[in-house]
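Colleague: My questions all concern the structure below.
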């Protein structure tokens, strides 16, 4: 069946497309031959991302799932949701816009098309003018922003004329979609009228009547031992048996009694009996108690004094939490004074109400604490945005500095990344009606005089509050098998419990983080059933920058056959030279089907154990090892192993249940002091990604044949294997710290060149006795994403023994592994970033410290907690658990650990500066490298170089066809070629160029004039034939080319690896570039590699040779004397051509004689 899944997926998409093809234009109202329904957009008119619509709405990114062929071009909304996930397009779009890949509107190219926001777009070849076929279109949709409810109306009258009843009240959603507001429009409340006359349970008895009932879970699993009572009478009247049934005699069948059931670990349930003659029946469903978890956190707000603000908090759980408390700067706010529930509304704000707010939610199972939100209250006349820009240094090209003085920097200014007060600050909405932030109000053009040329630049002259796009977290990545690296194809993706899409053929996925999310819990379900469900908590950048993750799925163990008629034991842990950590004992006769009926016969069991004694298993371990403690805060766990249980009848897809199952853990495997007593058994809640306690452990000695010279001691716990299948042997740990890490663009560790979006992972290691660098096992792991001030990672630490806990720290950016500071021959404080004597106490060692042949992709340290009162340990890099804010706000001069990019031989220069890690810094300008702040298109050209060394290759990008930018510089890109490990003397460079397309005003297309120049004595020897033919067929041609360079007007189409061009479109510029570079290295349009394949998918080839000693480089010669340099190049090429002709002449003569 697994092999049929790809075919099934294709059939589903084909059905979606077929539905569009069969549609006729008369079925629903639609726009034809226009680019935008409801609003006519003609040639030359803009359709910018920020548009003044009546409704609060925004555009999605562009989609293109079909290419013209056959009947035409079909961009079905159903197919878009299938490929990209339902979360990428709202349920009811307001409008739709379509453009060709040349960015032209349908009316501009004279084609008849059909647009319908609820169905999509289609263009039929048979409807076009004679001799014309449909162009290739991409589409985007206009979606309403999240709407909010109005105030509740008054309560209605109590239902019924006597006895208990209920009353209702309603609220209105102002959105035109009606159901766009989250939650219910109706709320019910119990009410009581005077007692009804006649018989009641207290006064009436029916001795011949019988109440028959059952108590089950939502899945139909019967519950044994549930206590049953009548709602109006205290005391237990019955207890459910093994089949979940009970009977109560004497209950009148026509009394419609309310029956209540309770059971430990489950929420109370109630149902009304239904009469059937002298018998009444009832089924009571009990949900398992679940601690509350937050689905909506309060968000930071900026207001002016006198305005109002609303903070919102929403929790879920079983039962649903109804009690909320709000805190200001850690102090509980009076419920009566503020009248709050899940929402806290503050009116007429005063400056003293500024500060930190958070909420707590309760239910029967416990409490949970929300994240914090900061309220900033501005005094009258106080500006929210300082008009003076802050310092922001950009690096100028290497040939623009003074000789021998190092790189030169220029202050181009930046506006602080702060929010501004909402213009509708008095609205009772949870979210602000419009997003306003401090951004660029005015740019100034300046010129930088470099040796031999002038470099234009635009600097920030003034900041101000402007309308801005709300930040969107974006996560992209790839799911692969942990053992083989094969992609997990067409795996279902669940966000909590909601399906949002599938992985692609290469295992790729894209997830847009929902607003107000703090923990992104994602589950990947393998359709073949060969891999464990991969439950991951993926860190992301809430400011909107994209983050890339590689998710490793663990393959299930091979099945073993069990027999239900006998007890079965399955070992936990199968490492060589290591005893099992424990075992599962499944008793005989304990297996059941999902409906509770006993099962007998063979059982196919697959028990997969994640063994922390295998250090490589940390990469594929599920979740992030956290639970909610008694105070409602997230707390870490230290694991001794996780196991997944899959029980099925042979040849059946139905999962079997079993219980109680004994979990036996060898006490000799628990080495940390106090952990034997604290060990507990936990199960994973896949919706929240949090672990929940199942049972404790008790000591028990071995007996029978297990007795040896020394009696083995086991810790034994019990668990029911029902809906949840993933369990954990964990200990809550209170010795916690934070570790500060920063990432840099190169190993010079310049503060102004920090890299954001790097995923830093810390794995806690438990050392073997006497060997701090030789860990026995890993205990937990955590990841964080670097921001403008680095990242703080939680870890276990110890104040008394520095090596009680050690850690392995690694960092990745896309598919690139970063390198930490070296430790050979000894760690240097100025290089590592940590002052002495704390550095010696931490025992810093890079992974290649003992063996230079090892990879240099991480470092190990002792997690020595800073000692109070010691000034040398007061400023990092390890901070106490309660000092998170100090860690996050520490200046760059404070101690921290460092990583640097290995691929550091790159340089980027934009005429209009833009911080790719902060999408809010985008500025609308015709010379902006990225013209659209909602969609970033990265383009790369693969340049092959035949030469004895690696060479720097420059891309010069200027306006090519747009009348307002023609000849003006957009930016420069430098990239050093990378050697092909299998081809000596050959290297290749993946060089970025500015994509052609619409500029930011969306009025007219510009074909970027791109010039590629290697640095050195190089000449162009070959151009990809397909690329050359494409450029010939898409005029205008470029002017006469320099033989030492390659020039083109960049293509409008995303051509692909066959042309040597790599194009990726994404909502994050950083992710788009990382994915495109990975494909360029691999030489394919869907692969990913960090090993250069120089002969695969190249666009242009240069031949380079080493210049004579003392001869200046080509760049320098072109700057000093362009005419002389070009003359030298022509002469060298002529001499090379003559030498080649002389070498090939005799060969042609000999061939001619053979033919004679």
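Cβ from N, Cα, C; glycine included.
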Colleague: From the ranges 1111-1133, 1134-1156, pick the one that Swiss-Prot records as region 'Disordered'.
Modeller: 1134-1156
Colleague: Reduced to three states, what secondary structure does DSSP give residue 313 (disulfide bond)?
Modeller: coil
Colleague: With residue 173 (disulfide bond) as the reference Cα, tell me which of the recorded positions 276, 313, 359 is the closest one.
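Modeller: Going through 276, 313, 359 one by one, the Cα closest to that of residue 173 (disulfide bond) is 313.
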Colleague: Other than its own, how many Cβ atoms are within 10 Å of the Cβ belonging to residue 173 (disulfide bond)?
Modeller: 17
Colleague: Write out the long-range same-chain contacts of residue 359 (disulfide bond), meaning residues 6 or more apart in sequence whose Cβ is under 8 Å from its Cβ.
Modeller: 298, 311, 313, 324, 325, 326, 327, 342, 344, 369, 370
Colleague: For residue 359 (disulfide bond), just give me the three-state DSSP call.
Modeller: strand
Colleague: DSSP says what for the domain 'Ig-like C2-type' (292-376): how many helix, strand, coil residues?
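Modeller: When I sort the residues of the domain 'Ig-like C2-type' (292-376) into the three classes, I find 7 helix, 47 strand, 31 coil.
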Colleague: Using DSSP reduced to three states, classify residue 173 (disulfide bond) as helix, strand or coil.
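Modeller: The three-state answer is coil.
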Colleague: Looking at the recorded positions 158, 191, 276, 308, whose Cα is closest in space to that of residue 329 (N-linked glycosylation site)?
Modeller: 308
Colleague: Cα-Cα separation of residue 308 (N-linked glycosylation site) and residue 276 (N-linked glycosylation site), in Å?
Modeller: 57
Colleague: Taking just the CA atoms, what is the gap between residue 158 (disulfide bond) and residue 276 (N-linked glycosylation site) in Å?
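Modeller: The separation of the Cα atoms works out to 29 Å.
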Colleague: Once the chains shown are all counted, how many other Cβ atoms turn up within 10 Å of the Cβ of residue 191 (disulfide bond)?
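Modeller: 15, counting other Cβ atoms within 10 Å of residue 191 (disulfide bond).
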